[in-house]
Amino acid sequence: MGLEKKFALLEDLIKKCGGCAVVDGGFATQLEIHGAAINDPLWSAVSLIKNPELIKRVHMEYLEAGADIVVTSSYQATIPGFLSRGLSIEESESLLQKSVQLAVEARDRFWDKVSKVSGHSYNRALVAASIGSYGAYLADGSEYSGNYGENVSLDKLKDFHRRRLQVLVEAGPDLLAFETIPNKLEAQACVELLEEEKVQIPAWICFTSVDGEKAPSGESFEECLEALNKSNNIYAVGINCAPPQFIENLIRKFAKLTKKAIVVYPNSGEVWDGKAKQWLPSQCFGDDEFEMFATKWRDLGAKLIGGCCRTTPSTIKAISKDLKRR
């Protein structure tokens, strides 16, 4: 299936959803709720090694909650990260493939079950392979600062992402999700890599923001979107893992800067201290507020809406209920 047909598959899903599809929610959050210990440089990806069945269970929970797109557990799964744990290259690549396989198996099992029930309200979900930023691999909080240092060049970023991208694409997801991109340089690296590798799967690229106005690097989103707007591979652009209080303003901003679809999946509003590796209390959205604001975000132009860190299946159920209310 070529790029145009894959684009059509995603557009058809959004149309079936009434103009806005629901993305799943916080994956690591739900793993922790089930008792997984993920205070680890690999974060949620450590469960690929220790408890892959729990990963499938979490995917199923989000599907049951009404997610139209499930995102794989590969956000912090990288070949260098697995190698640092003593795994071989072959084992590392196998774990990346497994992240897609688990999501696909969960999606297929869920759809096989609900499609036999008349009058159900679900759509056959798509699987998005998560590709976390270089800062996510560093596990030092730099995805929220954009400060990679002078030695990190465009070519270094492409080299870092290349093999992981190849393996994930070969595993057969429906789309790719580049997440928490903090600066223009990495966004450009992702776009160029998709073109160089002749990837035939649509992608979205999500930045984050710590002030609700700019990328973490301090660069304007106008600068950051320049390369993305020219790319045939990019279906959607947007924001993930930023406080929900920022989302309305950011959708308005992005709507003026791009003709791409807009994707937003904020965190709950809690602030992550990347150095201390803990959540700091702050103004948070509960499920009721997500339910209330989801319609507004859609009406402002968002085509894909979900949740990120500290959101749960109950959050996604609330969003789905609101967006799919006729």
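Keep in mind that glycine also has a Cβ here, set from the backbone N, Cα and C atoms.
Predicted automatically and left uncurated, TrEMBL annotations should be read as such.
What you are looking at is a predicted structure, and each value in this text was computed from that prediction instead of being measured.
The domain 'Hcy-binding' annotation in TrEMBL covers 9-323.
Long-range Cβ contacts of Cys241 (Zn(2+) binding site) within its own chain (separation 6+, distance under 8 Å): Glu179, Thr180, Cys206, Thr208, Tyr265, Pro266, Asn267, Cys308, Cys309. For Cys241, Cys308, Cys309, the entry in TrEMBL reads Zn(2+) binding site.
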Checklist outcome for this item: Fewest C-beta neighbours within 10 angstroms among the binding-site residues Cys308, Cys309 belongs to Cys309
